[in-house]
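*Asks:* Just dropping this structure here.
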Amino acid sequence: MSTRVLTLTLLKKRHLMQCFWSTVGSVHLRSIASDKIPSHAVEASLYVHWPYCLKRCSYCNFNKYISRSENHDTMTECLQKETETLLKLSQVSRITSVFFGGGTPSLAQPSTIAAVLETVTKNSNLSDLAEVTLEVNPTPAGKARLKDFTLAGVNRFSIGVQSLNADHLRILGRDHSVQHALQTVSEARKLCPGRVSVDIMFALPGQSVSCWQKQLEELLYVCDDHISLYQLTLERGTQLFKQVESGKLSVPGDEVTAIMYKTACRVLEESGFHQYEVSNFARNNAVSEHNMGYWRGHQYIGVGPGAHGRFVPHGDGGVQREARTQTLEPDVWIKEVQSRGRGTRRRITLHHLQLLEEVLVMGLRMNEGITHQHWELFSPEANLQQVFGKSANIQELQGGRFLILDDRGLRCSWEGLVLLDSILPTILLELEMFFHSRGIKRTQ
């Protein structure tokens, strides 16, 4: 199998993973593996969604609402109430990390962040060393609040730089300048040295490989120890999608996009960054502990309008993990939380084969892949060699040096990571065929 046969589909924006999780589900260490409650069943991470933005970027179709006259006190009370309700429902005793995303959570009051964290500590154990991340829009207003956010309990920032090119920022509809971005990163590094991540996008309209490499080199002069790369995604219905569809703008093709991605990997590696996941790079071991929890299949609780969660509702007598989606519209969500403690719009019980699919989809994103020990926690009845070892399709992927199955486990090669979205359907089909041969269907 050659790279020409495979269609390049790189990782899109981080938030889009949540859309995928809502259909595939997430991993739960089931009682099939042990009669005892495993450690992951009593701990989880927490995602808190702030839905408001000052404006909508031209490429964004995520769940966000233009800030008007939202009541910060009401939002704070509801975020606290839903956090308490879902913590009690999950019965987790330890929160391993907290991530405030959006929307633009740097628009929230620092007192709101402090209040949510206080609720967490009252209802579970949150270590003083736990990672607490806040996404920041690098505007002067966002920069001015950084210190107050650290006083509220934030110890890691994720800065949405997106580009260091003024024309690209304008095309993307961003409300910050290159100078604003650089100043915000610098201030964040002073407050949280070694714990500042920068988001940057590639495959932008009119962007060349040389322009992209120049931006990366400029970024390396100012960034901290974590960088996330995101390929521009043209989402139907967005302003940017319409501009490209009409021919007013053009984006790089697949081959150029692939070169951009490989260029980034090379440039970052030469600067001491280790690629630990498809789109994430860290040096000095500054990985995102919160995101590692997602990729390793740990439980997580989603709070706020449109947030997604994956946990076992032990408080309701549940024994299987559920995929949960909170109500999208902030006003409706607020009313639901005020009336019944939570605004959960959808609950889906996740079955065994769905869980194994999630182990593969999320685990193969990581450079470390899936170890035999990790797989056994979810599938004690069939190990990786039994499921994939005799498959001609898997052997072809191994022969093409895209996939590795050995005594360590199952993982992608460097080329395989680049083409992950293209080879995943083959891997998932083999998983389904194996379990169907044993009489296990996807919804059992």
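A Cβ is built for glycine as well, from the same backbone N, Cα and C atoms used for every other residue.
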*Asks:* Per Swiss-Prot, which one of Asp128, Asp148, Asp199 shares the S-adenosyl-L-methionine 2 site with Gly103, Thr104, Gln162, Arg174?
*Replies:* Asp199
*Asks:* Name the one residue among Gly102, Gly142, Gly153 that Swiss-Prot lists for the same S-adenosyl-L-methionine 1 site as Tyr47, Glu135.
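*Replies:* Within the candidate list, Swiss-Prot flags Gly102.
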*Asks:* Quick check for you: of the binding-site residues Tyr47, Cys53, Cys57, Gly102, Glu135, which have their Cα within 10 Å of the Cα of Arg174 (S-adenosyl-L-methionine 2 binding site)?
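*Replies:* The binding-site residues passing the 10 Å Cα test are Cys57.
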*Asks:* If you average the pLDDT over the domain 'Radical SAM core' (40-274), what number do you get?
*Replies:* 93
*Asks:* Let's check the environment of Asp199 (S-adenosyl-L-methionine 2 binding site): how many other CB atoms sit within 10 Å of its CB?
*Replies:* 20
*Asks:* Determine, from DSSP, whether Cys57 ([4Fe-4S] cluster binding site) sits in helix, strand or coil.
*Replies:* coil
*Asks:* Please identify, among the binding-site residues Gly103, Thr104, Glu135, Asp199, the one with the smallest Cα-Cα distance to Cys60 ([4Fe-4S] cluster binding site).
*Replies:* Gly103
